[in-house]
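Noted in TrEMBL for the protein shown:
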type	residues	note
DOMAIN	1-231	domain 'Deacetylase sirtuin-type'
BINDING	14-33, 93-96, 179-181, A223	NAD(+) binding site
ACT_SITE	H111	active site, proton acceptor
BINDING	C119, C122, C141, C144	Zn(2+) binding site
Amino acid sequence: MRFNETDRLFVLTGAGISAESGLATFRASDGLWMNHRVEDVATPEAWHRDPALVWRFYSQRRRDAAAAQPNAAHLALAELEKQMPNRFYLCTQNVDDLHERAGSQHLHHMHGQLFESRCVRCDAPFADTSLYEDASALPTCKHCGAAIRPHIVWFGEIPLDMDAIYAELDAATHLVVIGTSGNVYPAAGFVSIARRAGIRTIYIGPEPPSNAASFDEILLGTATAVVPTLL
Ligand code: APR
């Protein structure tokens with residue numbers, strides 16, 4: 001596929017783009033949700049019930065993400081952003097930082113970020129990564145003393161930056177979705193919104209997602225095999 005100089009690209013990524021960097025996806029048989037009950041680690045109720053368990057879960061995910069390296073798909077998207085200045089937009093459901101480490105400059109993490117935390121009471125953000133050194137210690141806010149929680153959008157919470165994300169989708173000519181199973185809304189609904197607006201919709205992944213019928217085109221293959229061909 002080739003883009004011309006008036007095209008505007010909206011790219012949505014999911015866990016599949018980081019799979020070849022060694023990070024587990026969610027819904028595979030060996031995936032994160034098969035090994036954990038979502039209700040135990042990724043809901044506000046889980047946090048209220050057992051914050052230490054939730055903190056340990058995200059500490060492990062931070063260690064995994066820190067040990068991973070961006071792959072050819074992350075790098076290709078960073079390069080595409082350079083080739084299409086102001087006409088390329090990236091939205092990720094991933095909470096790892098592999099897009100940033102590949103060089104992507106402008107992106108929204110609609111489900112939050114592993115390496116950010118915030119106070120549950122005064123909402124102060126904590127960017128200090130020394131917070132993550134001792135996985136067994138639950139940190140507290142230095143302003144108000146309340147608990148610090150991961151800056152992650154849990155099930156039942158509202159995704160971040162949605163106004164800006166929908167404005168970018170509105171302005172696009174092409175929606176390219178990479179490595180997401182199409183089960184979690186609102187991201188799973190972007191393709192229907194795009195179709196109604198006349199935006200060309202393309203999916204990239206090794207198997208069709210559950211919303212495959214809504215795409216104009218499905219490019220079957222792994223992210224590292226297919227995404228670099230967009231360049
Ligand atoms: N390249 C591209 N896609 C891949 C690869 C690969 N190498 N390997 C697996 N995939 C695809 C799978 O085929 C699947 O469709 O990645 C997708 C992963 O799907 P999920 O595990 O459901 O992950 P995702 O869709 O990103 O989950 C969405 O759900 O659990 C919540 O908040 C969490 O952001 C997450 C959201």
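Our numbering is plain: 1 for the first residue shown, then up by one each step along the chain.
Any Cβ shown, glycine's included, is placed from N, Cα and C.
Here the features listed in TrEMBL are placed on the structure.
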residue : record                       : contacts (Cβ under 8 Å, 6+ apart)
G14     : NAD(+) binding site          : T25, T92, Q93, N94, V177, I178, G179, T180, S181, A187
S18     : NAD(+) binding site          : A68, N71, H74, N94, D96, L98, G179
G22     : NAD(+) binding site          : D64, A67, A68
F26     : NAD(+) binding site          : A15, L32, W33, S181
H111    : active site, proton acceptor : T92, Q93, N94, V95, I152, V153, P159, L160
C122    : Zn(2+) binding site          : C141, H143, C144, A146
For this session: Can you tell me which of G14, S18, F26, C144, our binding-site residues, come within under 6 Å of ligand 1 at the Cβ?
Result: G14, F26
Exercise. Looking only at the domain 'Deacetylase sirtuin-type' (1-231), what is the mean pLDDT?
Worked result: 93
Exercise. If you measure D30 (NAD(+) binding site) to C119 (Zn(2+) binding site) at Cα, how many Å is it?
Worked result: 32
Exercise. Including all protein chains shown, what's the count of other C-beta atoms within 10 A of the C-beta of C141 (Zn(2+) binding site)?
Worked result: 18
Seminar exercise, completed: Same-chain residues at least 6 apart in sequence with Cβ under 8 Å of the Cβ of C119 (Zn(2+) binding site), in sequence order, are F126, C141, H143, C144, A146, A147, I148, R149
Exercise. Hey, does DSSP put S18 (NAD(+) binding site) in a helix, a strand, or just coil?
Worked result: helix
Problem set entry | Collapsed DSSP category at C119 (Zn(2+) binding site) | strand
Seminar exercise, completed: One residue among the binding-site residues D30, Q93, C144, G179 has the fewest other C-beta atoms within 10 A of its C-beta, namely D30
